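Worksheet for the structure shown next.
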Amino acid sequence: MGHPQDLKGFGEEIGDYKFENWLDWFIHVRSPFEAYKAQPTYILSEWMVLTVAAISLCHAFYVGGRWKYHWLGIWVHGVTTEMIAFAMPDIDSYWHSQTSIMLLGRRLPLHITMLYPVFMYHAAYMVAHLKLPRWAEPMAAGLVEVLVDIPYDITAVKFAHWTWHDTDPNIFDRHYWVPWNSYYFHLTFGTAFTFALHFFRRKITGTDDKGVVSTPGKEILCAVLAGLCGMPGGVLQFIFLYHPLHDTFGIHTENCVIIIISLYVLIVWAADRMAPMGSRKQPGETFHWSALIIAFNMIFHHGLYLWMVLFKNPEEEVSIGLHEPTGNCSQTSDVYTAFGM
């Protein structure tokens, strides 16, 4: 990287950023080469996510069944979650650095909307191959999503791909500077989305079998409803476990995360011990080559962050964009949780 002083916007502080028009607010595109000069690892991460998401969408169409609708529902879930987070001050607690394509007033990078399929679609497809009882799949999908997320969460925040609110009590407890609630979020929201998708498929189409496809209208309706209900379902899991333990009894968030992970692991393990007939590999049974696409995507995803840890330096990254506003540290503001506290 060249001198940071040569970067456009370096050292400037704009308190009230003005947009040219609504289109400039909705979407902003800049040269990826200019973005690479400021944050090379961030641009590589951005285009890796976009690439893996595109490959996963092609995979969903290739394998057929309901997978393309599953992908759609995940994308709706991701966009809904991000937009609500930006709109509600009590959970507006992170600021992304600037990538090649930014949406919604420079707050939402395009690739973040595709990050949800990268995490959740691959988790769901891998869990489907376990052939667990249907009631255990939501928890299994949430657990695998956390495994996919961990290297991203820890590495990307270290390289200033985004910053977290410094003093928000809900994300104050950290693990390698990643809020423990981030892991809780991925587990519970992933679980809630999968549960909602199965529920609406049973109610609207009569079956949640992945190989049985109903009419496009019904399938899209199920996907959209699941996408809209994933966040409320995840919040419910915060209300019944995290908020009472953390807000009422002052228990560290790490313990809340360990409790819910242990509970879901126990459920999935018990389900695996009661797996239905035919769930284990049968003599002569082979896997379809399309599973290699999922494996390639996961190697590509994890490999990039391993490469960043081994060969890149956070000191070479310059985050130019929106950040947490600075203010008088002696002043406080109320933060209200979903538990009403």
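Using N, Cα and C of the backbone, Cβ positions are placed for all residues, glycine too.
Predicted automatically and left uncurated, TrEMBL annotations should be read as such.
Database features (TrEMBL):
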DOMAIN    21-340  domain 'DUF7802'
TRANSMEM  42-63  transmembrane segment
TRANSMEM  108-128  transmembrane segment
TRANSMEM  183-200  transmembrane segment
TRANSMEM  220-243  transmembrane segment
TRANSMEM  249-271  transmembrane segment
TRANSMEM  291-310  transmembrane segment
Considering the transmembrane segment (183-200), which listed stretch of 220-243, 249-271, 291-310 counts the most C-beta pairs under 8 Å: 220-243
Close approaches to the transmembrane segment (291-310) from elsewhere in its chain (Cβ under 8 angstroms; 6 or more beyond its ends): 41, 44-45, 48, 51-52, 55-56, 59, 118, 122, 125-126, 129, 148, 151-152, 155-156, 159
Positions on the same chain near the transmembrane segment (249-271), where near means CB under 8 A and six or more residues out: 132-133, 135-136, 139-140, 142-143, 146, 172-173, 175, 179-181, 183-184, 187-188, 191, 237, 241-242
